[in-house]
Amino acid sequence: MRLADRGALILVALLWGVNFVAAKAALGAFTLWELRVVTFGGAALILTVIAIWKRTPLRLQRRADVVRLLIAGAFGIGGFGVFSALALLHTTAGRATICVYTMPIWVVLLARVVLAEPITRGKALSVSLGGAGLAVLAWPLISGGAWLGPLAAVAAAVSWALGAVYLTRSRVDAPPIVTTTWQLVAATVVCLVGLFLSPRDTPLVIEGTALLGLLYNILLGTVAAYLIWFGLLRRIPTGAAGIGMLLVPVFGVLASAAFLGEIPTLPDIGGLVLIFSAAAIPLISPDSPQR
């Protein structure tokens, strides 16, 4: 893996880790469906404007590629966004981030089955360490009877992994801004259906913190992060990229402690050490596959 790709992987992890804290703040004013419709729809609009400004055509040569991107977006962005927001409503931001990011484990396993990507010793060790760390951190939620948060988080992880692996298998030949925009359109449609079926039943009151959280979700957590992420998926193996995402819960827990006052417990700290070690393996391994 090239140095630039390693740096990009760390940056995406940071953006998405902080994004959970921002989403938690935004959910103080907006409903789950409102947050995701505005976030995904706003991001799609911004990317469309950027594409027009850069004179990058959003039209794809093959109609089949449009369908593939819509399917990938419905799972990888839409499903992930809905279930992760549901998790945030039923548990803390730090631990929601940790449970959601079982996704690299699902990515590695799905990439093996669907893409025939080999599970190297490094990946196997990373998955083992990551799984152990996530189990340690998720146990307080399960033992305390708060099962809905972890369940929604795991559903988000599986949905995201399905989208990532399907996108890689589809081999859509288009710039990241094009693939990202189409997937955001699909995610917006999914969430619009949810908003129509479950409209707001209380007055909307928007405070400054919620507005800042919403803006972060749109500009950094969605537009910037997804552009970088889908660019990475074109250059590095899906499994390696997925394991690198184990850094997200590390940044998420740190951000939740800094901004929300969620102090990590001893199991949290122990799990973070395991997760950080798991994420470091593909980032520093000299024999990481390159593309």
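Glycine is treated like the rest: Cβ placed from N, Cα and C.
Taken straight from TrEMBL:
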type	residues	note
DOMAIN	9-137	domain 'EamA'
TRANSMEM	33-54	transmembrane segment
TRANSMEM	66-89	transmembrane segment
TRANSMEM	95-115	transmembrane segment
TRANSMEM	124-142	transmembrane segment
TRANSMEM	148-168	transmembrane segment
DOMAIN	148-281	domain 'EamA'
TRANSMEM	180-198	transmembrane segment
TRANSMEM	210-233	transmembrane segment
TRANSMEM	240-260	transmembrane segment
TRANSMEM	266-285	transmembrane segment
Same-chain residues near the transmembrane segment (266-285), Cβ under 8 Å, at least 6 residues beyond its ends: 1, 6, 9-10, 13, 94-95, 98, 122-123, 125-130, 132-137, 139-140, 240, 243-247, 249-250, 253
Summary of DSSP states over the domain 'EamA' (9-137), given as helix, strand and coil counts: 105 helix, 0 strand, 24 coil
Chain residues outside the transmembrane segment (95-115) and at least six past its termini with a C-beta under 8 angstroms from it: 17, 20, 24, 84, 87-88, 123, 126-127, 130-131, 134, 137-138, 140-141, 149-150, 153-154, 156-158, 160-162, 164-166, 168-169, 237-239, 241-246, 248-249, 252-253, 256, 268, 271, 275
Residue distribution over DSSP helix, strand and coil in the domain 'EamA' (148-281): 108 helix, 0 strand, 26 coil
For the transmembrane segment (124-142): best-contacting stretch of 66-89, 180-198, 240-260, by Cβ pairs under 8 Å: 240-260
Sequence-remote partners of the transmembrane segment (180-198) [C-beta within less than 8 Å, at least six residues beyond its ends]: 31-34, 36-37, 40-41, 43-44, 47-48, 51, 58, 60, 66, 69-74, 76-79, 81-82, 163, 167, 222, 226-227, 230
